[in-house]
Every structure is written in structure tokens, then in C-alpha cells.
């Protein structure tokens, strides 16, 4: 039996972010819809060719998406909210954009659907909306069209479908007490229709993704797998039931009773034993072993992968693949021309990971030919050399980390005592207005950074120019009447990458882009060694901004857990220790900001929830060290220094005790798309500290009206005492234009002023 290689998905953005540029050009009216569609077709053809050249046996189709693959699935199932529908009931790419971002070149602006994190990754998906009695039908046929494209090019393909149970799990019911699982019977006929269309095209295998199977699911959801995968989806192409991001051993009793033809298991994030899987799964099933890490950039230890799988060779049909979609990996290491050659030898990006699968397949298919095993050893040799590299180990960091005590994580006084001191210091009005940190990253700002890196300008010119942008941001905020200001973060390319550039233990790529959501891409830093701070990072900019105004200016830090979660971490050190190292480095930054006269310091932790293990039984351990890392970072602050934190894309009802334990003086959160429903949790738990619920959605170009914001603030005031309410957008304003920013913030400030006057009148 020949071992085959495949991946669960290929990055869709293009080597040079062609998809991002095409979409934004289309949104801005610079290219036509047909030109946009042509770009997508060219990218898909290029990606298939790259995979074929890398030696993969089967190529995925259906991994391409214009905004998000979950949103694509919604359109395929005709699950389009009424507010987003075209007048004639049809769906097209503009429908997709209205759902995802609230705006498209055609149709009217409308509230976008919610966006949240894809399991515990830094990728975002658009949350499907479900209603009572909802019907489904085959809508957008992008998948079928892409299958036809790939077949016409002569490729051996494996279409991808997001499975019906996971699709329902990932969505949200719009009515209270409505069980979205009840829609399964209405959903399955559409899946049958899709599978029939694929079978008609001669498709042998379909990858049907059911990542929800790695979770600790309620009984009803477990039982639903029998309904979906016994008879309903049979009689078409063979189904590869695909799981990722964790182990599936706890659900093997369910999986083995389903009428599928193979199982893919993530053997990187999960701890499933391949021998147990082999003994447990039906003998006629394919076992697809996800042994190449789809979520990190490190070169694989191929000899250990070979050892892990060799006993299965000849025992059953075996495929080797990526642990998950390579959506989460940069595309090609070979174009990184400035990276230290030693460090570069430690990595593998998407193209290189495909090659790793080919090398592993070659060795497994030729067990008797030792030269192929020698090739594996030669390939992985740089990983073993890394173990003694001076770029990895810092004894002083290790000593400092080992000396951490419980006292390092405790503020001097309780919040109720601190807040009185802080209110006396800052003398802010009720409903104080602020922003989350960043202001628009204009072409001029991005050009400055590019010119500095290319040597076209010197550091002095760059600093003066950044100071001018900071001055503009302060002037704009003063003119708008905001109460607590920010310096605007003109010097920052990305909230994580910027800090990584100024900390020892990180390295950076030129083109290591991955998709975050829609057209937004990020270039995560890579943690290669022990972390320390050689000198202050943000103090110079914060001090300058504060010198321009009498109003308080926030110092802006990215928290240790977020830096960890949004970087590619090292694989030879546990996450708790890495987070502690980052926290200690940023702790020193808090001290220096205070010494520079900065009285409000925001430590953003938007990734706190996404770092949660997928299995609830492992949450306590993670939350303990994650909260400790935040407190280790923040607790050094004086009592009259106000610590803020920001979290977005989060649901807090099941981690509220940990949010309270963080002991931030003020927390700002994303709530506008959920219409302030998130605040019910804060009321239920009697959240004791100040809170700023986001009053408008910065991910959409739509401008909120004063009345919209007032309505949201009134809802918030019913849940949170008004003396503890702050007024702010959902998130940073980096991706918005100045025109959008001025209009939205002006309406936000005016809304706050109106409610202040009402409150003063009611008190008089």
C-alpha cells in the first residue's frame, strides 16, 4: 500500500498578498468585480501548481476563500441574514462582503455579522446566524466552480467541506432558548446535494472537516454525529473525516461507528497514540496522520516522524499530512533573503512543509532503502545544532524567571482603594471617552518605515516624522474633546511585531504573512530563544505625546499572553515559561513609563481567551499561568497608576473569574456587534472594576450615528453603574481612514456629552 501525502489547506493570500491588494482595490473602486474574480482564479492555479511541484499526491480544493471559509460555507448553504440579502434574493461576492464587513461596492451599508476566533488560533471567522424554522438550499456554488477549475487543469484533487455539525456549532442562535442543533435535519439535504455534484464529477475523496470533534461536546451534539454520518451522507464520494487542533481519543467510540472511509488526526496538537488509532479504527479506513505542524514555522524532526509511523506501513492504508490547514503558516521561506542563515535553517514555511511530506513519504514507501532515512536525518540536523546555539539560551533570563514569587504578582492596594487615588489624580468626568490605542496607519506612515528599513532616510529624520504624526494624533483628539488620549502608535507596524523587534529572543521575516481576517494579514514574530528587554521600547514616544497636552496620555503595551499567542513560539520551552519571560521584560517597561510621568498604562490582552486549551478540563492550568503573567507585568505599578487592559473577540461567561483575577483598573471590550449582550456576564458576576464596552465596530467602514451610540450606552448603563463606565470604540483604529475616524469619534464624544448632561440633570 503506497503512502500518500496531502495537506488540509493552502494559504489563500498569495506570496505577495495579492488577494489582500485585489480585494482592497475592489472595495475602493479601483478594479472591477471581474478583475477581482480573475485574481482569485490566478491565485488558485498558482497554488495548485506550487503544491504539485512540491510533490503532494492530492491537492485540496475549497481552501480558497474571499473573506473566510466559514462565511463561504454560509453562502453555499444560502444562510444569508435578511439584512444582507440582495433585493432579488441571490448571493454574490458583494453579499459576502456585506456580511463580513458591513459594506460592499453594491447594496446599502448594514451591520456586519459577528466575527470571532477560529478555535484557539489567531484566524477569525464570521459567525453564522441561525433562526427558528430556518431553511437551507444550495446557494453560492464557488466550491463546485473551483473543483471544475482544478479538474480542467488535470489535478488529482480532494475537495474540502466544513462539516454540518461543526458548522452549526460555530454559529449562534439569534433567538433565546433556540437550539441551533435542531436545524441539522434541514441542513443535511444540502450537503447531500453538494456531495452528489462532486460525485458526478468523479471525485473519489472529500475532506469533510469536523474540528468540533476535538472538543468535550454535550451529549446531544455527540449523538448528532450518528444522525449526520450514518446514512445521510452515504452513497457519494469517500469521506475523510478530518479533525485538528487537539486529540480525538475521547470520541473514538463515536467516530468508529460512523459511516466514513477515513480519519485525519492532528498528531502535533493532540496526544493520540497512532498504535491505538490503528487498533481501534476499522481496518478498511484510511488513517491520515497529521505529523507536519501547520501552525508553526519550525523545521520538522523527520526522523522522529518516521519512527512514529513506520510500524503502520503495510498494516493499513496510511496518508501523511499537515496537522491542520497551512492557512496559519507563511508561504515560502526561500524568499527570506535577509535572515541569518543559521536561524533560517531552523524553519519551514508552507512550501517547505509540503516538501517535508514528500521526503517523509519517500522514506516510508521505501523502508528497505536506508538512503531515504539518511536524507531525513540530514534535513533535520539544523534542529539538533540549535540546541547549543548562543542565540537560544540566556542564563540571566533563566535565573530571573526562577526567582519569581507570589508577591511579584500583587498590586500594593485593593482596587477599591486604588480607584479613589486614581480618580483624584486624573479628575475625569463620568463616561470618560478614550480610544483603544492605534490611529490610522496612512500610506505616509507606512512609507516612513519602509524608507527607514531601505536606508532612504536616517533614524533622526524618521523620529522627527513620527513625532509629527504623534502631534497630529494628539491635536485631533484634543479637538474632538476626548478625555484620555493615546499617541496613535504611528511607529508600530503591528502590536506584537513591534514589541518583538525590541526584545531579545525574537526574529522577524520579510514576507512571513498569514491571514488574520478578511484582507487583514499579520506577520508574526518568531520566538527563537530566551526573552529580555535590552532598553526601553515605548517610553520615548509616550513621553513626547504627554508633553503636548494637559490631558492624560495612555502608555500602550501589548500583554505577555497576546505576544505569545500571536507569535510563532519556540517548541523546546513550555508556554508558561515563555509568558513569564515576556512579562518580566514588560514589567520593566511599566516602571520606565511611570518614571517618565505616564499615569495610565494599557496592557492589551485580546488573545487571553484564544489561548485557552480546547478541552475544558485543561482550562484551569492555562488560566492560572496566563493571569499570573498579566499580573506579573502589571503589578509593579504604583497605586495612582491606572492599569487598563483591552480584550476583543471574546466571550467571558466561562472565564469571568479569571478576568476579575487580572485586577485591571479598567477593562475595555468588544461589544458593539453583539449589541452589548456581553455585559450581561459582567453584571451576573458583579464585575467590580471599571469597564469600557465598545460602542462601535471599527472593523466596518460604516459610521455610527450619535443615536446608535447613545442607545448602546443606555443599554450598558442598565448593567454597569454609570460611574464605572467608559466610552470607547471596539478596538484600535489602525485600519480606518482619518475621515472615518473623525466622524465616528465625533459622534462618540457627542453621545457621551449628551448622556453626561442627562445624568447631571437627573442628579440636580
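Cβ coordinates are placed from backbone N, Cα and C, and glycine is handled just like the others.
Per Swiss-Prot, active site, proton donor is recorded for 699. As annotated by Swiss-Prot, 5-methyltetrahydropteroyltri-L-glutamate binding site applies to 17, 18, 19, 20, 117, 520, 521, 566, 610, with the evidence given as sequence analysis. Residues or ranges marked as L-methionine binding site by Swiss-Prot: 436, 437, 438, 489, 604. The L-homocysteine binding site annotation in Swiss-Prot covers 436, 437, 438, 489, 604 and rests on sequence analysis. Summarising the annotation, Swiss-Prot assigns Zn(2+) binding site to 646, 648, 670, 731 and lists sequence analysis as the type of evidence.
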**Item:** DSSP three-state assignment (helix, strand or coil) for residue 19 (5-methyltetrahydropteroyltri-L-glutamate binding site)
**Value:** helix
**Request:** Starting from residue 437 (L-methionine binding site), work out which of the recorded positions listed here (117, 521, 610, 648, 670, 699) have their Cα within 10 Å, and give them in sequence order.
**Result:** none
**Fill in**
One finds that other Cβ atoms within 10 Å of the Cβ of residue 731 (Zn(2+) binding site) number exactly 26
**Prompt:** Around residue 489 (L-methionine binding site), how many other C-beta atoms are within 10 angstroms of its C-beta?
**Reply:** 25
**Request:** For the recorded L-homocysteine site, enumerate neighbouring residues of the same chain (Cβ within 8 Å of the Cβ centroid of 436, 437, 438, 489, 604, site residues themselves excluded), in sequence order.
**Result:** 435, 486, 495, 556, 602, 646, 731, 732, 734
**Prompt:** For residue 436 (L-methionine binding site), which of these recorded positions sit within 10 Å, Cα to Cα: 17, 117, 521, 610, 699?
**Reply:** none
**Pairwise Cα distance for residue 731 (Zn(2+) binding site)/residue 699 (active site, proton donor) [Å, integer]** = 8
**Complete:** Cα of residue 610 (5-methyltetrahydropteroyltri-L-glutamate binding site) to Cα of residue 438 (L-methionine binding site), in Å and rounded, measures 22
**Request:** Check the Cα-Cα distances from the residue listed as 'active site, proton donor' to the binding-site residues 17, 438, 670 and tell me which is shortest.
**Result:** 670
**Listed in sequence order, residues with CB under 8 A of residue 17 (5-methyltetrahydropteroyltri-L-glutamate binding site) and six or more positions away** = 513, 521
**Item:** L-homocysteine binding residues 436, 437, 438, 489, 604: largest Cα-Cα distance, in Å and rounded to whole number
**Value:** 13
**Request:** Count, for each of the binding-site residues 19, 436, 521, 648, the other C-beta atoms lying within 10 angstroms of its own C-beta, and report the residue with the smallest count.
**Result:** 521
**Message:** If I restrict to non-local contacts, at least six residues apart, and a C-beta distance under 8 angstroms, what lies near residue 604 (L-methionine binding site) in its own chain?
**Reply:** 436, 437, 495, 556, 557, 558, 559, 562, 645, 646, 647
